[in-house]
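A.B. asks: One structure, as structure tokens, below. Some questions next.
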Amino acid sequence: MIEQKQFDVVFIGAGPGGYVAAIRAAQLGLKVAVIEKDKVGGTCLHRGCIPTKALLRSAEIYRNAKEGSEFGINIDNITLNFTQVQNRKQQVVDQLKKGIEFLFKKNKVTLIEGYGRIENSGSDSNKVVRVETADGEKVVSTKKVIIATGSKPKTLPGLEIDGKYIITSDEALEMEELPKSMIIVGGGVIGMEWASLLNDFGVEVTVVEFLPRILPLEDSDVSKDITRTMKKRKVKIHTGTMVLPETIKIVDGRVELEAKKGEKMLQLSAEKVLVSVGRVAMIDNIGLENTKVEVEKGVIKVNEFFQTTDSNIYAIGDVIGGLQLAHVASHEGIVAVEHIAGKNPKPFNYLTVSKCTFTHPEVASVGLTEDEAKEKGYEVKVGKFQFRGIGKALVHGEVDGFIKLVVDQKTNTLLGAHMVGPHVTDMISEAGLAKVLEATAMDIAHTIHPHPTLAEAIMEAALDVDNEAIHA
Ligand code: FAD
């Protein structure tokens, strides 16, 4: 059966890009449909942000229970019930999925469950999307299409994902039991979050990173510090090391492989290999050949309002590359629909986007690293404060890490903030606000931070910019 409906905006994909922007579009009075082939919430809710953080939370509780004696809490016979860990993760995911479905109903967003593909409508102003649903095909007409199809895990040439021994984060999230050992190929955000949580669960973890440092997009001081703490926790880290896919063998239920570190060959072996070497945009088979949309380096090309080269088609989120983060996808979507609704939105300033890595200790940053600021020609001043000087960090028993602020010497404005330590993912938004408001280090230093809190470290780092930190 072919059913034809007319909308103002049709989204392909209900991840944090598509679903958030659909709600915003409906709030703006537009008639909105969202096409989703799988489940509302996308990668973020089902294979990304939320399930990994649910596992990380269980891992944290397990670690805390084991370390309880330091706090005077002796717990005998601590055991891990990984089935319950997975069940709880799923309950959180299911509850949030229901929440999105409720919000769609509340905002009168039409959800069409099926696979969407843009058709050749023969007109620039009227777009047509064909949807394969379980009950047959539907055709929707719309003034605007927003492509929010997201991304999928990438692998290395020759490194075949078999779903059993060699897996991506997608399969790792579905593991029914934990392996005793895991090699993680790729020391970026996803790889390091898995390294941290598996280590907390007692898995022997080896990280192999091709670049000279893990978390290579973070400030180099942050990479150094997180390497140190991870190594202290017995995570093995090989940087500047290339896995040789042709050497991979399965021997007696274990994966064996060779990796090249300079002139040295490393022989590595583990029960499983987790490949986390980045993600590729989902641009295949969505009908781009029926449009004027251009693709560059594997991602959809857009302008500052996320309009593609086919002006009635927009693209947001992971499918346009750049910072592949849920909150980025959502905000790109909001800018796109506000542009469609004629609201004149401000273009997105990526330098104000906070990035978080939920390792233990956590990592968070916003703006330029010290090296980037220097490369851009700034003369910089740096303020740094270690968590070990903060009372609340000592109370928590979490003293690893620091706050580093990079400031423009001429204007004293904040260029970047870099944090590694307890709960820094919850603290980075203060620096994000400072970036948006173009605050100076003194604005931050003169903001009275309550005592005893971890955020006092931000105030001390701001004071340290002019060597005025009190507890240094
Ligand atoms: P997606 O979330 O990928 O959603 C795209 C949706 O489109 C999917 O539901 C898909 O089924 C649907 N779709 C695709 N093609 C079609 C089609 N033809 N028809 C219909 N539907 C279609 N980001 C953070 O900010 N914080 C984190 O802590 C974080 N952790 C992560 C952990 C992991 C392990 C991973 C993999 C990612 C993580 N991310 C995190 C990244 C985050 O998940 C993505 O940046 C975000 O989901 C991108 O949103 P999106 O809407 O662009 O795409």
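Even glycines carry a Cβ here, placed using N, Cα and C.
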A.B. asks: Looking at FAD binding as recorded in TrEMBL, which candidate out of Asp310, Asp318, Asp371 goes with Lys53, Gly116, Thr149, Gly150, Ser151?
C.D. replies: Asp318
A.B. asks: Quick check: of Gly99, Gly114, Gly278, Gly287, which does TrEMBL put in the same NAD(+) site as Gly186, Gly187, Gly188, Val189, Ile190, Gly191, Met192, Glu193, Glu209?
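C.D. replies: That NAD(+) site, as TrEMBL gives it, pairs Gly186, Gly187, Gly188, Val189, Ile190, Gly191, Met192, Glu193, Glu209 with Gly278.
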A.B. asks: Please spell out the DSSP helix, strand and coil residue counts for the domain 'Pyridine nucleotide-disulphide oxidoreductase dimerisation' (353-462).
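C.D. replies: Taking each residue of the domain 'Pyridine nucleotide-disulphide oxidoreductase dimerisation' (353-462) in turn, the totals are 40 helix, 33 strand, 37 coil.
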A.B. asks: Going by C-alpha positions, which of the binding-site residues (Lys53, Gly186, Gly188, Met192, Asp318) is nearest His451 (active site, proton acceptor)?
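C.D. replies: Result for His451 (active site, proton acceptor): the nearest of the binding-site residues is Lys53.
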A.B. asks: Rounded to a whole angstrom, what is the largest C-alpha distance between any two of the residues Lys53, Gly116, Thr149, Gly150, Ser151, Asp318 that the record assigns to FAD?
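C.D. replies: Largest Cα to Cα distance for the FAD-binding set is 30 Å.
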A.B. asks: Only counting partners 6 or more residues apart, tell me which same-chain residues put their Cβ under 8 Å from the Cβ of Gly116 (FAD binding site).
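C.D. replies: Same-chain residues close to Gly116 (FAD binding site) (Cβ under 8 Å, separated by 6 or more) are Val10, Ile12, Gly13, Ile35, Lys37, Val129, Arg130, Val131, Ile286.
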A.B. asks: Give the number of CB atoms, excluding that of Gly186 (NAD(+) binding site) itself, located within 10 Å of its CB.
C.D. replies: 25
